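*Asks:* According to Swiss-Prot:
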DOMAIN    30-167  domain 'N-acetylmuramoyl-L-alanine amidase'
BINDING   34, 154, 164  Zn(2+) binding site
ACT_SITE  116  active site, proton acceptor
SITE      162  site 'Transition state stabilizer'
């Protein structure tokens, strides 16, 4: 998997307006794994793209009225079938972490990359998702080596607010896949 100017080659691009520049001299050193499903527990629709591009219709589902005002994004989404959608270039600051702290350092958006998995805290993620997440992570480590020792869940950087990627995410499996040499 290759990166060109912050974008994954071959990923579907859906540029989000919800990002800005990282602080001067800041590069990504942390990977944050999230999950998302819109409406909650449903997969495959257009709603994640709509949320991250600020175009979600608050009347399309009762839950959307609660989130339509949010200005959020992630760098990437990995759908259940393994499709990768990229919203923000990796060298820019996506708005995925919110109020957060990692190893005593606040404002995780400044120094992290956020990847969403289409899913829920309690439903097993798919083989395709693990394979793609590992491939993306290896590509990121090639560009940002510190990520290799700094991979965590949203629940770990915002434990009072967030639970994702939840107990369904198999961290050991993910780490084994990341550690495998690329072919």
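Here the Cβ of each residue, glycine as well, is placed from N, Cα and C on the backbone.
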*Asks:* Which are the residues of the chain, 34, 154, 164 excluded, whose CB is within 8 A of where the CB atoms of the Zn(2+) site average out, their centroid?
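*Replies:* Counting only non-site residues, the set is 32, 33, 35, 36, 114, 116, 153, 155, 162, 163, 165.
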*Asks:* When you rank 34, 154, 162, 164 by Cα distance to residue 116 (active site, proton acceptor), which of the recorded positions ends up on top as the closest?
*Replies:* 34
*Asks:* Which of 34, 154, 162 (the recorded positions) has the most other Cβ atoms within 10 Å?
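*Replies:* Selected residue: 154.
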*Asks:* Neighbour count first, Cβ atoms within 10 Å, every protein chain included; then name which of 116, 164 tops the list of recorded positions.
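*Replies:* Of the recorded positions 116, 164, the most buried by Cβ count within 10 Å is 116.
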*Asks:* Just to be sure I understand, if DSSP states are collapsed into helix, strand and coil, how many residues of the domain 'N-acetylmuramoyl-L-alanine amidase' (30-167) fall in each?
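*Replies:* Secondary-structure composition of the domain 'N-acetylmuramoyl-L-alanine amidase' (30-167): 40 helix, 30 strand, 68 coil.
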*Asks:* Determine, to the nearest whole angstrom, how far the Cα atom of residue 34 (Zn(2+) binding site) is from the Cα atom of residue 162 (site 'Transition state stabilizer').
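*Replies:* For residue 34 (Zn(2+) binding site) versus residue 162 (site 'Transition state stabilizer'), the Cα atoms are 9 Å apart.
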*Asks:* What whole-number Å value do you get for the CA-CA distance of residue 154 (Zn(2+) binding site) and residue 162 (site 'Transition state stabilizer')?
*Replies:* 6
